[in-house]
Every structure is written in C-alpha cells, then in structure tokens.
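Database features (TrEMBL):
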DOMAIN    A:46-274  domain 'AB hydrolase-1'
ACT_SITE  A:151  active site, nucleophile
BINDING   A:221, A:344  substrate binding site
ACT_SITE  A:310  active site
SITE      A:312  site 'Important for acyl-CoA specificity'
ACT_SITE  A:343  active site
C-alpha cells in the first residue's frame, strides 16, 4: 500500500526571525521543501519526523503525479507499513544546504541577487536540525512521537534528541554515526577534491558561467557509491560478467559492475548539485554531538540499527553511540541486522529491519 | 646496510624478435629499465627477481646519486637484509606499460613517430612477465633462485611460476591476488574514469596538447591511497586533528588526514603518468591465472604473506591462491601478519614479515 499521489510543499521559516547558524552567520531567508503523509491527530501527538541522508529530498513516500518511481523510503512509510500512515502523521523536509526545494548554496542570496556559491555559510548538523524545528513549529507540532533517519538522517535524529529530548519521544537511528573515522573523512575528502578541483567548478560560480563540474561530481558519486554497497552485494549482482570475450580487453567500462557505476555517476548529475554535495558532506566530518551537546536528562528512548556488511558506517559506529548514550543514562537498544547490501541496506528491506522500526514506534 | 649508490640501466629486448602480446598485437621496439644489486655467482644460480607493484619502478634498493630517498624496497633488499645482496644477485625491472624507463603508452611509436597514447596495446600480466623473461635471457639467467613481489608484483610472480615453474625455484607473493573482486574492479574503475573523463585527457593525446589530466590523476591517486592504508593506521597517524578551532569549519582540507591525502595526490603527479596508470591497473582486473594458465607440474615452492588490516587485497585473496595451488598439488605456505598499515604493509616492516621472506629464500 502506498500513500498515493503526493506533492512537495514549501514554507518560509525565517518570517519571524533570521536563522542564526552555529558558525555565527545569519540567513535572512530560508525556504523549506517538505511533504507530509497521514493525518495529524486532534491531540497533535502522532507526528513522526523522517530525516533524509546525504542525497535525499523531501519526497520520502508516495508518488509525484506522473512520476515513474515512488519516494526514497516508500518501502518503510505508508498504510500498514513500519511507519504506518494510518496511524502516524509523517513529516519529511529537504535539508538546509540541499538542492531540492530548500535554501542552499545554489539559492539566490537576497543581499547580492546572485547565487550564494561558496559564500553560503558552512553548516553544522545542529543547523539542519534547527530548520526542521522551525518547520514543526509552523505546523504546530510541539512534540514528536518519533524521529527516524538513516546515515546522515540518523545523525540529525541524534543531534536533536540530545539537544531537545523533551520534544522527541522515540528516536530511530539506522546505519548512523556519532563520529566519523579518519577513513570516512578521507573518502569524503577525495569526493570533495574531485568536485572543487574540477576546472569547471570555477570557484563555485559554475552556474553563472553556464558550466558545471560534471566530471568531478560524477567521480565523487561513483566513489561514494562503491562505499555504499558491499563486495558481497556486487558479487551477487554482477559477479565477473563482462562484455568482452576471453582474451579481449578494453580500458573503458567492460565489466558489468563498471557499467553500473557509470550509470550511477551519470544519473546522479541529473538530480544533484555539486555545491550541495560539498555543503552536506562536510557537516558529517565535524559531527561530534557527545562532545558538543551538553549532557542533560534525556527521556527519549533510542533504537539503533546497523548492518553487518556496512563498511561506510560499520556496526562499531552504532556500538559507539550505544555506549555514549548508556554512559549518559539514556535508554537504548541496538541490533545488527544481517544484510548483503552494505550501507545502502537502510533504504532496502533486509529481514527483521522494518519490524524493529515498527516495534519501536509502537512501544 | 644499503647496497650503496646504484644506477638504472636499460636494454632493448626486441633486438632478435618483436614482442607478441596476449591481445595479438606486436611491439617492434621494447626497451626495459632495470637495476641489479649484488653479484651473480659463477654458477648463475643465485638470481632473485623482484617485481614491482602498480606505481613502482626499477629502483628497488640503494640510492641514486644525489637522491634524498633510497629505492622503494630498500628495507627488504641489501647486505644482511631479507633479500641478502651479499648472497643473492637481485634484478628489478620497470614494467612494460610503465613510465620510468620501460616502453609504455607514453613512448614513441616507431611506426608513426608519435607517442602511442591509447594506440598502445592492452596488456596482460603474462605480457609483463614475458618482458622480464627476455631481460633474464639477456643477462644469461636461465633459472631463478626466487621471484618476489607484492600486490601486482606478486601477481606477476604467480603468473610466471604457473607458466614456467622450471625457471623459478621459490616464489614469494605478498598481499597479492589471483582474482580481483567486483569491489576491487569498481574502485579501479572509478580511478580510471577520473583520468579518462578529465577534459584534459584529450583522448590520451594530452602530451601533444601540452596539457595533462592532472585533476583526474590526482583524484585517482587520492582514492587509491585511501584503499592502501587502513583506518587503524589513519587513526594512529592523524586521529581527528585539524587546523581549525572549535566551531570553525571549512570545505577545503582542514583535518590532517586531508592534508596528507592532498600531498599524496599532488606529489604523485610529479612521478607518474596518467596513461601508464590506465595500462597497469587494467591487467589486474582481468587477471585470472588459475583459469588461463594450463595445469602442469610445478616444482616452485610458494610462500604467501598477507596482512590483517589489508582491505584492498585482504587475506581471503591469499587463502584463495593457497587453495588453488594446493588443488594443483603445489607446495605452499601462507601466513597472515598482524600489521596496522593495511595494503601498504608490503612496503613496510611489520614484525615477522621480513623473516618469512628470508626463511623462504634460505630453504
């Protein structure tokens, strides 16, 4: 069952005051793209916030009119699904810094009339959360039944629940991290170098020059994609199959896994912006909420889920979150799910995963 | 102790006949850069061939006059070292397809008077070995006391020992593979895409245009470098140290691990050619000697070494080689060495590693 045809909506969250960011800068105009599914109860106590990962958007469930594919978490959200829209009012917002309707580095700076480019201020995960908080304020939701997110989405949920636990009853973090490893940072750094050192990046003003760092962004995505899947998954899906016959060789794509990566890289160019890629990967590198958010009494009940083949944010990251929460006396459960699909498992449906989400929301 | 000052020498190996490659193409003129250390015994029975990895060269040990750093395997090769030059006559050649003295895609095609570029024929690991064989022929060495190599170097040793075991008494394969995984191929494919899709690649004719795909080659190296080290090593070396203070952020390199990667990428541009990078990564993807080299009686005694933190060619690759050799009734020993340094461990000296090499050469 699907939530059916949906539409992305927009609202301005700086109508009463500018948004002051962690870095000290202020944004005078922030618009947010969001979607909602299900019906808010009269008591306003059934709201579930869904936080998207690096390259997600507000369109988490249902179909846009005329579209070929549903939202990115449609297998999780809908009538009778783990995040049951017969029961919950689900809100999904596009992140600050994104490129799918919410204000980001590609938006027009009202102060200059030009796109921000690299003049857009650097973002902290706390800033992403601050914008979502304003969206909920506008929708009249003071307390969430739950907040749910995978990868960077889970990092937002963690930040929020530590900052303002009285507002989130249940937190679900899937394949998340509270602190990237040097290797994680290194991999993101290569992706950013691919973009920023592309001659067509033009210091971030590529749109004004009618060009785009397509080469760099494609390579960044291909690299990232390898880290989102697992060797197990690639073996199962592609094995060593290739176009060329025995004794034949070529330098360009030949193995099926190469064609797949080429497709991933090229199709990404149609849906994502290079500046947003920079601005949304970087907050992950600096993320360290157990060091930056002061300890306080937290009533939120946490559910952590990780996947055994995830090598981008392996189970050790979830265990670290579990230990840090336990140290603060916060209620937390963690389960490692067996899945061949690596980090991407959070978008898929390996056995047991969705049941854990449903159970936690029902507690 | 070092072998002292050494010089790279060159010889032509196509003086009697052109080199016919696995792909069917012929090279009329192949020149090979090589170095030797130690003295060949009157019986010519103390020769050890050293095979280099992807970005190595003939300069494996000793110092070039005026140089700041010794050869890449100087910790292994020298008087009293694991490959003892008081006892062995060591030969090291730059690979066919390389860019450090041996004929490769950057060399002049005698048929056209221009650089080969992408007209250079595709290479098989068997071709790399065929060139080394000719070098040994010219040096009058019919039988090797041992062949030793790490990573792609180990793959050459494996190819050779399976093809012509009567010529190699002992084989040492360090951090090698007999068959890349789809993930290995995917990572190399991203690196090649970074180079070939760089606008300055100019279809491989960049040198004629006075440019170079520097952006792509740098990204390729940065990416590869992340896969050569381990998270353990990066944690130990850099941790989360960064230039910026608390609350400060930047998109460009800030964490020490980022500066390190930038340095690795930039310095690589001074010493390696983009075309050679393509031509020497690709043979690894197609490498499958247990499928392509017919089974025959092999007298070579194999020693396999892998490292517990190597995630480019993890121990599973060495176990696969061990099992395939054992199935053919070939004598083989394998040891996994504990080392924090990942794939790069084969160039370093984790405890126990060099002793295993020395012991095998002494058997």
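Here the Cβ of each residue, glycine as well, is placed from N, Cα and C on the backbone.
Where the annotation comes from TrEMBL, it is an automatic prediction and has not been curated.
Recorded features from TrEMBL, shown on the structure.
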residue : record                   : contacts (Cβ under 8 Å, 6+ apart)
A:151   : active site, nucleophile : A:53, A:54, A:174, A:175, A:176, A:312, A:313, A:343, A:346
A:221   : substrate binding site   : A:191, A:264, A:265, A:268, A:269, A:272
A:310   : active site              : A:175, A:230, A:342, A:343, A:345
A:344   : substrate binding site   : A:228, A:229, A:233
Integer mean pLDDT for the domain 'AB hydrolase-1' (A:46-274): 97
Neighbour count (Cβ, 10 Å) for residue A:312 (site 'Important for acyl-CoA specificity'): 22
Other CB atoms, at most 10 A from the CB of residue A:343 (active site): 25
DSSP three-state assignment (helix, strand or coil) for residue A:221 (substrate binding site): helix
